[in-house]
Amino acid sequence: MGQTVTTPLSLTLQHWGDVQRIASNQSVDVKKRRWVTFCSAEWPTFNVGWPQDGTFNLGVISQVKSRVFCPGPHGHPDQVPYIVTWEALAYDPPPWVKPFVSPKPPPLPTAPVLPPGPSAQPPSRSALYPALTPSIKSKPPKPQVLPDSGGPLIDLLTEDPPPYGAQPSSSARENNEEEAATTSEVSPPSPMVSRLRGRRDPPAADSTTSQAFPLRMGGDGQLQYWPFSSSDLYNWKNNNPSFSEDPGKLTALIESVLITHQPTWDDCQQLLGTLLTGEEKQRVLLEARKAVRGNDGRPTQLPNEVNAAFPLERPDWDYTTTEGRNHLVLYRQLLLAGLQNAGRSPTNLAKVKGITQGPNESPSAFLERLKEAYRRYTPYDPEDPGQETNVSMSFIWQSAPDIGRKLERLEDLKSKTLGDLVREAEKIFNKRETPEEREERIRREIEEKEERRRAEDEQRERERDRRRHREMSKLLATVVIGQRQDRQGGERRRPQLDKDQCAYCKEKGHWAKDCPKKPRGPRGPRPQTSLLTLGD
């Protein structure tokens, strides 16, 4: 019997319930189909060593994450929840992942590890609030580079940094280089460095929280605030469609910003004010407040509970405490719910029926557009198993004509799932002829049609000639027979008569006009004229 090869991708699909639970802990939502697509088709194209079957290597995951988080049009905001979940699986592997995770390298001798202090806390697993606990550092304190907290912050990406202090010794420099190399192999710097102001240490190897957030602990143990940069806001606004034009894409962008940047309440207001219009923002806030749930888990309209969970005025939350961070987590979750609900247009099935497959559009891309139309113009979730029949029928009827006709003729169509229909449509799509083949086929069809038309014309001409020949033959035969009969009949009607012989009764002594045997009609007979002979 053959053996089935287990890969990281197949392993996650076998334990999909655990994957969704881990994603939920990260405050994100993942879908199985897109999980497979990104792992097997998208991430291998980044050329960072990601295999089609997936991997739990932290270095490769970090490189893919840097490409996904790339700001501007080169980023992939829709893939953020998936790579964050992959990273969570690799950093804190469940029992079924541990056999596939390579052991972490032991620390170098030159970097001794100190035992954790009594106040050390494990890093937070949540992806929607900042980790405010400073990490224990074994390296000696570095000379201060930035001015004190009262002075202005300097953007090291756009301005020249201030001069450093005394140069360290060669041995210290070598130790620092080795430590930096070891750290960069595990987790490269975040691509969104424009979010930070000043110099920061690279993240630790076992940290799962992004370091690009407004609130983080400075080197002196004081909480520092790092606001959004104007370039980030400008790029996000100009490189993405408006919320009214494409709410799904802008919602995915804001979701990725909430995960990677860990914004505060003020940052959220700045983000909404930049990316949304006034009317759109009010609609989002209203939908978010409708999503607030009471203690019984059902939506509530009590003003005190709604204002406590999603305040419209600046709250006095202390982000250094667990309670304050929990408030911020809930606020971001409600904000995402408001964006998703506000992005839904009024129910309009005509819009859904108007989504048809393009001439060169793949069935998978068409299905994604169709599902997006269901989410936007109907209250139904296309991922709901109860709606699979409706989505399948729309997929068949609104596919390209050649694909739709073949899908309708499938045997046992009622038992086919949506995935089966997509696979059949992909087969039909891939077997389509190329433009050159289509032109050649059309040319051959035209030539064959012309050849058939010429053959039919020749056949009709031959039939016409045969018919004309038959008619002429009949006519000639009739003429010949008539002439023959005329010749034969003339000899009988005109016998040789004597000069005084009657042509009617053949008697001599009178002519036919005076023949007494010839009937005269109602008129009386004419007086007979006697003929005088030479003897008289």
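For all residues, glycine too, the Cβ spot is worked out from N, Cα and C.
As recorded in Swiss-Prot, the features of this protein are as follows:
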type	residues	note
COILED	436-476	coiled coil
COMPBIAS	108-121	compositional bias 'Pro residues'
COMPBIAS	449-464	compositional bias 'Basic and acidic residues'
COMPBIAS	484-500	compositional bias 'Basic and acidic residues'
COMPBIAS	508-517	compositional bias 'Basic and acidic residues'
REGION	108-218	region 'Disordered'
REGION	449-469	region 'Disordered'
REGION	481-500	region 'Disordered'
REGION	508-536	region 'Disordered'
MOTIF	109-112	motif 'PTAP/PSAP motif'
MOTIF	161-164	motif 'PPXY motif'
ZN_FING	500-517	zinc finger
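For the compositional bias 'Basic and acidic residues' (449-464), residue counts in helix, strand and coil come to 16 helix, 0 strand, 0 coil, using DSSP. In the zinc finger (500-517), helix, strand and coil residues by DSSP number 3 helix, 2 strand, 13 coil. The average pLDDT for the coiled coil (436-476) in the predicted structure is 90.
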